[in-house]
């Protein structure tokens, strides 16, 4: 079990292009510039300072997380095997392909090894580039080989520094998005500071470096910034084309680097669909964004050797359905309130039916079942019937896939982020509801427009998109804790935008009859500055203490296991065990695996369930037969799984296996009435007694406090 122990030491602002005329060419001190030349010079100076601040904050964030990683593990001082073990679970699996490419005799041989891989899944040859999103590892390994840096930088440092460097891109993208929305780089500064001070809830890059989301989320943030700029009014055609190109590149890179990209972009497509239905976004731009999503995903599909999971994604079916429905219903946005509502309901039903039909047709043609475990999990999670499905329960019992813990909100409130976010969200939501009603009613009454003038100002297309984006991803985060990083980072953007927004403060002051232009101007700068001072005062000492705390990596049992495997087993040996541990076995020793943590394949899921019978109540003959069917030479048993206490009864791995096998669970508590007692004791416990029925098939060859390794007999 991996642990960490204590180390033993040997102001300015720029005018937005569509800000109200009364705010143009105004300095933070309230003085109006004498002429257009002065205003332009001030804007250039402000943009320059804002850009320098953005880049500086991005680089500081990279250095900050890199330092935390070094201080936590003493990464520069530990052995190579310890560094590799620190890439836990699926992180180790992904990094192993980077290592494989680096160690290959040539780039061509390395690529051939990935396309025709027979070490990741025993007795099977699979295409890693088709099954997994590892093009980033391929690209980095090629870059490392061709650059003259081998003498100065180890491969592992080139890899982790690239990931930490992407954090700079991430923070800069968040900064720019907030700046674009509010019209002042002070908003971007506040967003970046909130991102850093809420690091526990905004990123986990320092301890899960190779995780796919750490590659993908910076590109997703760039895409959101580009969409925010695209949705501004009065863009020149050249600006639109360049922005669309940036959106496409960011969408493509996001899709290429994360297997769950399709689900995130489906939520994004839903946001665009909702806003388009209520006439809050330009339809032409929305259609372009749909097309970009489709084309980016299809390009990734080609690069992944026509991965069937991509072709059968709901995103492609939904976007195609929307484009077809819009072609059929050309007069969707004409008529009165009742007429528009009727057309809208019909449009939604048409899109929904087309999506389901197209998706079902594609999955039927391709015989696609790769993502069925996700839908089983969602069905069980949201109460559409209990399930005994092993894969679904495996997800349901993991804390990361549970509801967002309430203590998350207390941490976010400590930095004032959550309070500000709720304030801005409430005002923007009220404005959105009013504007949506006004758009649907098509009212031309001057009096009504005058009453709603402040609401329409606060809900420009870019702000409307970010509002729906944060609401939908907020719902995702609340339902699934692992997805909170998509929401909390955007929460920083949204809250900082609202706190620095002219429209938000104008609306607020008008509601309490205190509005003046100068008062708005003073508040929109003074409140963010006070907030920044508060954050600095409260959290700067803690950050300094965190950076000064020195620890070191400590996992002697796993290190001993990996060293034993490398020294005492043949290179062709096949190992069975838990998914998480086997990823480390592949990375540290290069041995062949029976199963691994990349779970997006039906055959692998069925194989993993069979391998996990080593923790179930099965006979030694059954377990031996199962393991040998996958070519297993050695099986690794972990006490932390066999005697697990981390989960409650019903969620321990052995309980999930018992339920799936129809057996009564161990311990006090209720069992479903149709479960029966097993005829056999639990394999992982009974094998340690060295009974003849077990020793005829299994011989213990290694043991420490955590792991037990057994060699399988090779009967004829």
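Quick reminder: no glycine exception, Cβ is built from N, Cα and C everywhere.
Annotations in TrEMBL come from automatic prediction, not curation.
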Transmembrane segment according to TrEMBL, located in which of 325-343, 344-362, 363-381: 344-362
TrEMBL annotation of transmembrane segment - which of the ranges 161-178, 179-196, 197-214, 395-412 it falls on: 179-196
Segment assigned the feature transmembrane segment in TrEMBL (from 136-155, 216-235, 556-575): 216-235
Among ranges 115-132, 241-258, 583-600, whichever one TrEMBL labels transmembrane segment: 241-258
TrEMBL annotation of transmembrane segment - which of the ranges 21-40, 81-100, 521-540 it falls on: 521-540
Any contact, the transmembrane segment (179-196) to the transmembrane segment (270-291), with at least 3 Cβ pairs under 8 A: no
Remote residues contacting the transmembrane segment (216-235) - C-beta distance under 8 A, at least 6 residues beyond either end: 17-18, 166-167, 169-170, 173-174, 176-177, 180-181, 243-244, 246-247, 250-251, 253-254, 257-258, 261, 264, 281-282, 285, 289, 460-462, 465-466, 469, 485-486, 489-490
Range from 297-324, 344-362, 463-481, 521-540 with the greatest count of C-beta pairs under 8 A to the transmembrane segment (241-258): 297-324
Candidate ranges 41-66, 297-324, 344-362, 416-442, 463-481 - greatest C-beta contact count to the transmembrane segment (521-540) (under 8 angstroms): 416-442
Distal contacts, the transmembrane segment (416-442) - CB-CB under 8 A, six or more residues away: 194, 198, 278-280, 335-337, 340-341, 344, 409, 448, 452, 455-456, 458-459, 463-464, 467-468, 470-471, 491-492, 494-499, 501, 504, 507-508, 531, 534-535
